[in-house]
């Protein structure tokens, strides 16, 4: 695989980063590679006998082969469904890059490909001192942008791509994720996205609210 690890970000929160990330994991596995997910920071967790667990991180774990230890996949699991900076402060946690670098190194030793899912949109901070760009720089990862296809997505996608570039980071691909089944002229919007985003399209995920990640993998177009 050309990119053994990459960071999945989005044009906003709630636009389907986890849907895209789990589909990517299955698509990589369908090519015969081992692949594991990672959710460095997750807010909005539930208490379990094993500790705080997050729904999105569990989805990444389920789509991984081999399945990594949860604490390695999601080093910072924060209870409150708030921005990470607020959720961490609520429980007295200070986010640090070193544990995340160590966790990624462990995951890369376990699998050929690691799909790292970010939080919210690109500019959503991790803490008062850390932006996602700082994390991606520390992990030395390229970026894949998930575009939630709805009214306003062209503006959001262009702004996000420009912000990634301004941060000195490389966006290697984008994925169209259809999240509004009532959107008018969706084909025109996706065509315009393709014309205006400089990186290749890695796929178009159709609106299927109850679809399984393995089935959605067929809509992913991985680079050779």
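Along the chain as shown, the residues are counted starting at 1.
Glycine is treated like the rest: Cβ placed from N, Cα and C.
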From candidates 56, 69, Swiss-Prot puts in the same ATP site as 14, 15, 16, 17, 18, 19, 117, 118, 119, 120, 177, 178 the residue 56
Looking only at the recorded positions 39, 43, 117, residue 16 (ATP binding site) has its closest CA neighbour at 117
For the binding-site residues 56, 117, 178, the largest set of other C-beta atoms within 10 Å encircles the C-beta of 117
Note: in the chain of residue 14 (ATP binding site), residues six or more apart in sequence with C-beta under 8 angstroms of its C-beta are 148, 179
Reduced DSSP state (H/G/I helix, E/B strand, rest coil) at residue 117 (Mg(2+) binding site) is strand
